[in-house]
Number of protein chains: 4
Amino acid sequence: MSHNSFGHLFRVTTWGESHGPALGCVVDGCPPGLQLTPADIQVWLDRRKPGQGKFVTQRREPDEVKILSGVFEDAATDGPVTTGTPISLMIENLDQRSKDYADIATAFRPGHADWPYFAKYGVRDYRGSGRASARETAARVAAGAVARKIIDGVQVRAALVQIGPHAIDREAWDWDAVGENPFWSPDRGIVATWEEHLEAIRKAGSSTGAVVEVVATGVPAGWGAPIYGKVDAELASALMSINAAKGVEIGAGFASAALTGEENADEMRKGDDGPVFTSNQAGGVLGGLTTGQPVVARVAFKPTSSILTPRKTLNQAGEEIELRTIGRHDPCVGIRAVPVVEAMTACVLADAFLRHRAQTGGGAFHPGETERR
Amino acid sequence: MSHNSFGHLFRVTTWGESHGPALGCVVDGCPPGLQLTPADIQVWLDRRKPGQGKFVTQRREPDEVKILSGVFEDAATDGPVTTGTPISLMIENLDQRSKDYADIATAFRPGHADWPYFAKYGVRDYRGSGRASARETAARVAAGAVARKIIDGVQVRAALVQIGPHAIDREAWDWDAVGENPFWSPDRGIVATWEEHLEAIRKAGSSTGAVVEVVATGVPAGWGAPIYGKVDAELASALMSINAAKGVEIGAGFASAALTGEENADEMRKGDDGPVFTSNQAGGVLGGLTTGQPVVARVAFKPTSSILTPRKTLNQAGEEIELRTIGRHDPCVGIRAVPVVEAMTACVLADAFLRHRAQTGGGAFHPGETERR
Amino acid sequence: MSHNSFGHLFRVTTWGESHGPALGCVVDGCPPGLQLTPADIQVWLDRRKPGQGKFVTQRREPDEVKILSGVFEDAATDGPVTTGTPISLMIENLDQRSKDYADIATAFRPGHADWPYFAKYGVRDYRGSGRASARETAARVAAGAVARKIIDGVQVRAALVQIGPHAIDREAWDWDAVGENPFWSPDRGIVATWEEHLEAIRKAGSSTGAVVEVVATGVPAGWGAPIYGKVDAELASALMSINAAKGVEIGAGFASAALTGEENADEMRKGDDGPVFTSNQAGGVLGGLTTGQPVVARVAFKPTSSILTPRKTLNQAGEEIELRTIGRHDPCVGIRAVPVVEAMTACVLADAFLRHRAQTGGGAFHPGETERR
Amino acid sequence: MSHNSFGHLFRVTTWGESHGPALGCVVDGCPPGLQLTPADIQVWLDRRKPGQGKFVTQRREPDEVKILSGVFEDAATDGPVTTGTPISLMIENLDQRSKDYADIATAFRPGHADWPYFAKYGVRDYRGSGRASARETAARVAAGAVARKIIDGVQVRAALVQIGPHAIDREAWDWDAVGENPFWSPDRGIVATWEEHLEAIRKAGSSTGAVVEVVATGVPAGWGAPIYGKVDAELASALMSINAAKGVEIGAGFASAALTGEENADEMRKGDDGPVFTSNQAGGVLGGLTTGQPVVARVAFKPTSSILTPRKTLNQAGEEIELRTIGRHDPCVGIRAVPVVEAMTACVLADAFLRHRAQTGGGAFHPGETERR
């Protein structure tokens with residue numbers, strides 16, 4: 001069984017290979033009446049776009065999104081709005097250089113999905129990793145833009161908090177800094193260090209891992225579907241499904257193991273607008289439900305497996321070979337994962353909202369919806 | 001939307017509250033013809049059972065499982081076998097002391113699901129945390145026992161690798177040690193340290209976090225359903241859904257962030273029975289598919305939120321109060337999570353196997369099945 | 001793949017065999033705060049109960065339902081209410097006479113599921129048809145009782161409109177008549193004819209088919225999930241899944257084929273409370289969405305396959321044999337299907353309502369819900 | 001909740017409006033290694049294509065399908081084969097005349113989905129019925145072509161068996177006749193009658209209903225997923241979801257109601273290759289599982305609701321108006337439904353096969369698959 005959909009009520013089905021004619025997604029379950037133009041999606045895609053600096057892949061793709069269905073504009077509406085029918089989004093692949101991949105047509109690159117795809121399917125589109133390419137995440141970012149419309153009182157922002165061994169100074173966190181540097185760093189002080197580190201990595205033909213942190217504010221208490229649709233479990237699945245992800249944690253995460261009960265459990269006080277918490281070790285989730293605090297998660301990304309160093313491996317014939325992966329690659333795949341982490345988080349929360357509304361009649365969240373009914 | 005099922009083709013639906021008459025699950029999608037007796041399930045439940053030592057809850061429950069449907073024994077069969085119809089499993093609750101919970105009927109315990117359940121549903125069964133109780137995991141362990149039957153060539157084992165700040169010595173890992181101590185530790189050397197640590201924690205009325213590691217060997221290459229049913233994403237969701245889990249990592253996990261591409265990508269060599277790898281940073285998963293190597297995951301558990309120290313919180317009326325949680329609690333919820341982590345892993349792998357077989361016609365895995373057709 | 005759940009947001013998973021210890025279901029996704037007692041369910045189960053007359057099976061089962069989870073009663077609530085967690089319902093099997101079935105342990109009864117179950121699973125619980133028994137529908141009726149609570153402004157009523165060749169006079173339709181005769185006939189005039197017909201059938205050891213009609217009033221316009229969760233398609237699946245069902249039609253149904261466009265399309269006029277229609281050929285569904293008119297469907301049931309006449313068939317060894325089916329059977333399975341048709345319709349509509357609310361924020365339907373939030 | 005996917009393991013998600021830029025579908029779960037070219041799909045689309053005679057819509061669409069993902073051709077493969085990843089299929093809309101629909105932008109056509117779509121969503125794409133257009137079925141036919149590849153030992157064929165009051169002579173059934181007349185009639189004798197009838201209907205600006213019958217041969221015994229994924233229930237849902245469908249029956253269907261148990265239950269005899277049946281009242285399905293006999297279903301289609309006769313209705317302002325529907329319409333929508341009924345049946349059976357294989361390890365069905373593994 002293949003499984004190319006995620007979400008339950010806000011349901012996204014993605015399709016497309018790295019070197020096929022196009023890729024895209026179908027977004028099903030979107031509420032009607034939300035304003036949606038290609039520009040609303042493009043702004044997020046542009047953040048993920050390749051070819052934007054020397055530390056990301058040199059593949060040049062405009063990544064221009066087309067909306068093929070699900071919106072309608074007529075005299076009575078102020079610009080195109082969603083109609084409640086499936087939204088089909090398509091992005092054409094333009095800068096394919098399939099010949100780069102001739103060498104690996106019958107070889108299994110170490111750390112790549114080549115071997116298990118072959119073991120599973122007996123056939124694989126080896127060009128740019130085919131379906132296993134991180135290029136698929138463009139479709140996720142497009143879907144995330146629609147998700148944001150549904151929960152527009154929620155702000156979902158991510159940042160890079162570690163590259164290789166160099167973690168940011170959390171005291172220096174400034175969301176304004178994130179857009180000012182090519183690494184989405186919230187700590188201006190670490191930018192020079194990261195630049196130097198990546199330059200060395202790039203020159204060595206090597207690669208490095210990273211950690212991304214995402215924070216969603218404005219999430220009301222009570223979202224999440226116990227026991228197996230918990231918000232944190234859904235986030236864990238969504239974030240772990242991103243290419244190269246190897247770990248996901250919520251709030252204090254793995255550090256929780258070393259805490260005492262007193263340090264860990266966030267105390268509650270009376271606030272002007274519902275409960276306030278004096279800390280957020282929980283990362284905004286208790287019992288799989290949102291608490292009203294910011295939802296906080298972190299994702300660890302492994303180093304890009306495509307490196308210039310020759311590596312021992314096998315080919316399809318089962319012979320032992322050495323392989324050097326040339327082609328256009330990100331030395332630190334975690335950097336371009338930042339908008340993808342945001343998008344997946346937005347999708348999970350939009351889905352959680354719709355599920356919550358189904359069971360509890362929680363009413364409209366998007367102001368535009370309220371007015372309609 | 002409530003969501004009390006997990007899995008796709010091996011699908012488990014659990015039900016029951018901590019202090020209701022019973023809890024249980026319905027296991028749907030199990031292949032026919034597998035031998036299954038209550039004893040086959042009981043052996044795993046007994047490992048998770050409460051009341052088995054001073055470091056776990058003192059609640060005394062025999063946790064005896066009943067099989068209400070889905071198996072059949074007649075002259076032609078050698079003991080009861082699964083029939084392919086849903087397997088209903090029930091465990092009665094016997095040692096409820098609901099009066100222990102009168103104090104918290106209208107108070108929100110810090111770190112517990114009390115507040116978000118109330119925010120979501122407007123009503124909650126406060127007795128022993130109701131549905132949010134870790135008692136629900138008994139149903140998962142029962143389902144896991146069925147899952148193991150489906151993939152009986154696969155061995156799924158978990159161990160505790162950290163309690164509080166004390167991590168095991170990985171060089172000392174011995175699977176035989178795991179059953180010999182009350183902590184499921186694979187490192188005999190750390191047992192005394194943990195005992196001392198927990199004794200202090202218990203005396204202080206406090207609690208501590210922990211990390212569990214699970215290893216599945218014998219998994220063939222190619223299981224997993226790209227892109228959104230990847231084995232690692234499914235594991236992340238399944239493990240994060242366990243009570244008190246705050247982080248999940250696969251293979252090198254968060255440590256991947258600090259690795260170089262050379263250190264990270266596992267090299268492949270020719271083996272007698274397919275490829276062999278010279279390392280397992282990937283934790284047995286590449287591109288969301290199994291590689292044939294052991295599948296390795298770790299889960300971080302936060303400290304039990306029920307502690308004797310008085311804590312600041314609110315009650316349902318919105319008033320600020322102080323609360324001391326009495327009752328019967330595990331000082332380290334991670335210990336009893338070990339068999340639950342195993343069970344969830346077994347369920348994810350059984351599901352992955354059935355999905356794999358659906359799409360690729362991979363044939364029978366269980367030897368008994370082969371003979372039947 | 002087994003598939004023992006139905007519904008999407010109002011999701012019911014049934015389990016149990018005819019001659020196992022019990023049968024039941026888990027109802028997941030029910031909104032919180034609905035009053036629910038065993039008596040609320042029992043009233044519907046009692047209508048379906050066997051042993052209530054000479055034209056239905058003589059098996060005597062009290063069919064007493066137990067609620068094992070999902071409701072909670074405390075000082076603050078006025079009787080037990082749903083909590084939003086899964087509702088587990090169980091009915092014990094008491095009057096099993098498994099020895100009646102020894103003859104058919106290795107024979108395939110014509111018209112029964114014996115042969116394909118054996119072909120599929122290689123093993124089957126032959127006692128009372130095992131999982132394929134109409135006894136499973138008790139669980140559906142129990143679930144339907146919960147569904148009714150969710151959409152309590154909707155009235156779902158069914159009646160028997162044909163037995164054998166004898167159809168009712170539609171002009172004589174009186175809902176009050178339905179409860180007054182053992183056939184659920186809305187036409188008092190046909191009762192004597194049916195009685196005579198069934199008496200002859202029973203004496204001959206034969207059986208007869210029937211048609212059930214269900215009408216749901218009070219359904220607002222707009223429920224249904226295009227394109228593949230259309231209300232009529234969901235109904236078709238739900239009703240066809242009932243034992244012995246061979247046809248389902250909506251509104252004018254098969255008679256539509258012989259109509260002209262003018263006869264078929266229902267005209268609309270202005271009403272006090274939204275549009276009114278001058279006819280209801282559509283059966284309350286257009287484009288898969290409810291129109292605000294009564295939803296009308298009919299289901300055809302084949303004659304019970306268990307008859308006393310010896311019939312040609314095969315046994316498991318592949319030998320040709322003759323078989324007479326003794327045991328306790330309904331001569332007209334359509335009679336006891338009436339409450340099952342109602343229950344399935346209620347479940348489909350409750351699900352449609354929750355899905356509608358998820359996508360459109362349509363707010364509360366149940367008055368109790370409104371007050372809560 | 002919108003719901004634009006059907007199938008479980010062979011899962012199809014369709015998208016697109018009648019007058020948007022394109023429509024299409026994503027086919028997920030297809031086994032790898034099946035040969036698939038655009039021509040393999042086009043042959044079925046051409047059968048459904050509009051503008052092919054005076055009795056179907058005059059809209060002229062080449063309906064040329066593009067395969068955007070999921071297949072791969074390289075030196076090692078003999079033509080493009082499926083890779084196991086999602087197959088994205090797209091058909092561009094070329095002959096839109098949106099101005100035809102200006103009149104109905106704010107009016108609700110009787111018998112159409114205009115009113116409930118507006119009631120549900122508050123906004124609707126009125127051009128050519130938007131998403132509710134039968135044009136969406138092109139995507140189903142494309143998906144059906146892929147389904148046929150998976151179960152290529154099964155032959156799925158449909159025919160028109162009734163137009164208005166004129167039913168075929170079943171004794172005259174000849175599958176070869178079906179392709180020789182513009183009505184897909186298996187009875188050559190009725191063609192002139194139907195032609196005359198439709199000519200009169202067309203001249204009167206009216207429309208007529210029809211009945212389609214589908215027969216699938218070569219289906220092995222045991223497919224289907226009890227209790228809620230029964231093959232007949234799945235077929236009922238799939239066929240009822242087709243535009244204008246109002247009834248579905250299996251085997252003897254509604255006629256079963258008037259049968260006796262002796263007439264109804266098909267007897268079994270020994271055959272060279274498993275059991276043979278002496279009749280097929282069951283339509284190849286018992287207990288929701290296939291029996292090995294041909295699977296037979298019939299679907300009733302209502303007359304097209306777009307007719308030239310002025311009709312009473314309302315507009316969006318709630319005013320009573322009269323409406324004449326001009327534009328390009330099929331006088332008998334049942335005709336072009338024939339290939340759609342086939343496609344949906346093929347999809348249901350492919351899904352049933354994959355589900356069966358998941359649970360029972362039934363091995364490969366497609367010969368090509370066998371060779372691969």
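Using N, Cα and C of the backbone, Cβ positions are placed for all residues, glycine too.
In TrEMBL, annotation is done automatically, which means it is predicted and not curated.
According to DSSP, A:ARG48 (NADP(+) binding site) is assigned to a helical segment. Among the features that TrEMBL reports, NADP(+) binding site is placed at A:ARG48, A:LYS54.
Residues or ranges marked as FMN binding site by TrEMBL: A:ARG131, A:ALA132, A:SER133, A:ASN243, A:ALA244, A:GLY287, A:LYS302, A:PRO303, A:THR304, A:SER305, A:SER306, A:ARG328. According to DSSP, A:SER306 (FMN binding site) sits in a coil region rather than a helix or strand.
Classification of A:ARG131 (FMN binding site) by DSSP places it within a helix. Counting other Cβ atoms within 10 Å of each Cβ, the binding-site residues A:SER133, A:THR304, A:SER306 show the lowest value at A:SER133. Ranking the binding-site residues A:ARG48, A:ARG131, A:LYS302 by other CB atoms within 10 A of the CB puts A:ARG48 at the bottom. With an 8 Å limit on C-beta distances, the binding-site residues from A:ARG48, A:SER133, A:LYS302 that reach chain B are A:LYS302. In this set, none of the binding-site residues among A:ALA244, A:THR304, A:SER306 has a C-beta falling under 8 Å from a C-beta of chain D.
A separation of roughly 18 Å, to the nearest angstrom, links the Cα atoms of A:ARG131 (FMN binding site) and A:ARG48 (NADP(+) binding site). Note: none of the binding-site residues A:ARG48, A:ARG131, A:ALA244, A:LYS302, A:THR304, A:SER306 has a C-beta at a distance under 8 Å from a chain C C-beta. Sequence-distant contacts of A:ALA244 (FMN binding site), defined as residues of its own chain at least six apart whose C-beta falls under 8 angstroms from its C-beta, comprise A:ALA134, A:PHE301, A:LYS302, A:THR304, A:SER305, A:VAL333, A:GLY334, A:ALA337.
With respect to their backbone Cα atoms, A:SER306 (FMN binding site) and A:ARG48 (NADP(+) binding site) stand 20 Å from each other. In this structure the C-alpha atoms belonging to A:ARG48 (NADP(+) binding site) and A:SER133 (FMN binding site) are separated by 14 Å. A coil conformation is recorded for A:ALA244 (FMN binding site) in the three-state DSSP classification, outside any helix or strand.
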